[in-house]
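Engineer: Okay, these came from Swiss-Prot:
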SIGNAL    1-21  signal peptide
DISULFID  50-279  disulfide bond
BINDING   98, 101, 268  substrate binding site
CARBOHYD  100  N-linked glycosylation site
DISULFID  112-115  disulfide bond
ACT_SITE  154  active site, nucleophile
ACT_SITE  215  active site, charge relay system
DISULFID  248-255  disulfide bond
ACT_SITE  268  active site, charge relay system
């Protein structure tokens, strides 16, 4: 894993201090540990869920051969939650989905008025929708007092966002954690997500959109093509810590997106010191 230099870290922190008038620096250790836990699961999804927390029980796999969408249903009896995690880009087939920027009506969620979502990720979603809904229903029926958590990194983050949106129409206890999420839909979709996941305040939000340093993927697809982000952004700046995590609730270009990153870079593949699929944590 490549390490950021101390000089670069200071530059990022200085930039943050100048640009984030509508944001706050520092989160609680409990929330930080929660974000790290979800990042661990999301990064482990690239390597068949290696080194996930010991409290988590690995359940059924989600898979479609045509789209190469991979995911799992997990359960944590300690935290009382059912976790759906999606792997990020892992093949040329996934890359074809990544680069399909055509905004597409979110037809599987008609109550999301005027919502359009990333065309490639919508293809991915409908390829596994029946599996996901069936497996979640099975687990939720067996464990009715458990929360439903959805997470993922990169492509997996957008898959998580579409999944969480769909599940929120049926269940009222859905939480979403994404890492390096591309813009997943238009402003109507972002607004729907913000309403459904109580994003009006960091105290109420159930949509935690985590970014890192100058990760270039959250800048894609371009806003100029009709895309927008939802959620409360939690921007992690190196050296990563609870204190170096910014809560960004204003304009989405204040934090990660303002750093000028483009595409897949070191900041995208590594979150909280964990590199996608490396399993060295």
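Cβ from N, Cα, C; glycine included.
Give me the lay of the land around each of these features.
Structural biologist: Within its own chain, residue 279 (disulfide bond) has 44, 47, 50, 51 as residues 6 or more apart in sequence whose C-beta sits under 8 angstroms from its own. The secondary structure of residue 279 (disulfide bond), as reduced to three states from DSSP, is coil rather than helix or strand.
Sequence-distant neighbours of residue 98 (substrate binding site) (same chain, 6+ apart, CB under 8 A from its CB) are 89, 120, 155, 182.
Counting only residues at least six positions away in the same chain, the Cβ atoms of 118, 119, 120, 123 sit under 8 Å from the Cβ of residue 100 (N-linked glycosylation site). In the three-state DSSP reading, residue 100 (N-linked glycosylation site) counts as coil.
For residue 112 (disulfide bond), the same-chain residues lying six or more positions away in sequence with a CB closer than 8 A to its CB are 106, 165, 188, 189, 192.
Within 10 Å of the C-beta of residue 154 (active site, nucleophile) there are 28 other C-beta atoms, taking all protein chains into account. Residue 154 (active site, nucleophile) falls within neither a helix nor a strand when secondary structure is assigned with DSSP, and so counts as coil.
Classification of residue 215 (active site, charge relay system) by DSSP places it in coil, neither helical nor stranded.
Taking all protein chains in view, 26 other C-beta atoms sit within 10 angstroms of the C-beta of residue 255 (disulfide bond).
With a 10 A radius on its CB, residue 268 (substrate binding site) counts 23 other CB atoms from all the protein chains. In the three-state DSSP assignment, the secondary structure recorded for residue 268 (substrate binding site) is helix.
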Engineer: In terms of Cα spacing, which of the recorded positions 115, 154, 248, 255 are within 10 angstroms of residue 268 (substrate binding site)?
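Structural biologist: Checking each Cα against residue 268 (substrate binding site), the hits are 154.
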Engineer: Least buried of the disulfide-bonded residues 50, 115, 248, going by other Cβ atoms within 10 Å?
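Structural biologist: Each of the disulfide-bonded residues 50, 115, 248 was scored; lowest Cβ tally within 10 Å is 50.
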Engineer: Applying a 10 Å Cβ distance cut-off over all chains shown, what neighbour count does residue 215 (active site, charge relay system) have?
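Structural biologist: The Cβ of residue 215 (active site, charge relay system) has 29 Cβ neighbours within 10 Å.
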Engineer: So, in DSSP terms, is residue 112 (disulfide bond) helix, strand, or coil?
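Structural biologist: Where residue 112 (disulfide bond) sits, the three-state DSSP reduction gives coil.
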